[in-house]
């Protein structure tokens, strides 16, 4: 399908969806859309320009900031928003702030009326600071501190989740006017992060919890679930929607009038279209159109829109080893914490080798086997223990990692005195 035709189809569906959701600004009325191909070219130019400026500063004898850096394609976030509304027009996204709380990403999503999934007072404060209305926030943490519950009540943030009896008693005392979603457990055995190990009531317990909520005169308005962060099993959504239908029926039996279903997150970029088709069909089968449906996508919006560049700061060859060891200026204590916390496996690619920029070079992985270490003094700080690159690198060369927008900047630390990586933004005019 020609890119411009695909764009127009997405925009048409997005405009209809934003009208239904009451968004202030039509999605495509205020920005210039760019295709993925043009964005990739812009990313390459941003890498080249930034590195050349670093090198010019070094030649001038100025302190050169050769630290690792991201290139953030804001238009990429926007394209994913269009794609979401085209494939899941019934489902209003509430962006999972924990995934990447970058201020410009949040501002972009806020501009187009996206809701926000928050899990702490800090996230609530950040989103309210953007001028977001409290009714566009879901406090999606089933186990909240009392002080945080009080804060939510003071700010009019009413929609929140629970999965246990103690939370109900807590909410009754500190936020009795809340609108509650019962978080249920799911089969998330095929996800990167199995959230049901920690959260979610089983179907054996949901009826009891609804009885307690009824006795406390609390307003339970629906059901929420999460199939796990980074789910690779489309059938997990079908199973969770079927379970939600059972809990809706339990609520009806107890006199509740549920009108909201939160289908959580876990959406992967490469499997999204097929998963969305399944979700649309399941929602039509099990839930009347009058039921409002929201979701909590995170990585789907931001993962592919951030690319990380790291500099080779040291190189070590061992006589008895075939592999070369490279040491770079970001690692698992910084932007690549996703290796530990999100079970990701970033793929290293050569960005600059000697005087050659080779971004997006499709040479292949090559036969040069290597270790890639982060910069800290901890041996846990290993990015790859068997990477394959097409070229042997030297100190001063650059490597890049794509799909670096999810669970990277959010948890980066300054351990060992290393700074967090800066961000170079593309398409900032989209925020005007």
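Heads up, the Cβ atoms here are built off N, Cα and C, so glycines get one too.
If you check Swiss-Prot, you get these features:
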MOD_RES   98  N6-(pyridoxal phosphate)lysine
BINDING   229, 266, 296, 297, 298, 299, 407  pyridoxal 5'-phosphate binding site
BINDING   341, 342, 378  substrate binding site
ACT_SITE  377  active site, proton donor
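Here the features listed in Swiss-Prot are placed on the structure.
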| residue | record | contacts (Cβ under 8 Å, 6+ apart) |
| --- | --- | --- |
| 98 | N6-(pyridoxal phosphate)lysine | 117, 119, 123, 298, 410 |
| 296 | pyridoxal 5'-phosphate binding site | 93, 94, 95, 96, 117, 138, 140, 226, 262, 264, 265 |
| 297 | pyridoxal 5'-phosphate binding site | 84, 93, 95, 96, 265, 267 |
| 341 | substrate binding site | 407, 411 |
| 377 | active site, proton donor | 416 |
| 378 | substrate binding site | 333, 415, 416 |
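The binding-site residues examined here are 266, 298, 299, 342, 407; by Cβ neighbour count within 10 Å, the least packed of them is 342. Put simply, the two farthest-apart Cα atoms among 341, 342, 378, the recorded binders of substrate, are 19 Å from each other.
For the pair residue 266 (pyridoxal 5'-phosphate binding site) and residue 342 (substrate binding site), the Cα-Cα distance reads 12 Å.
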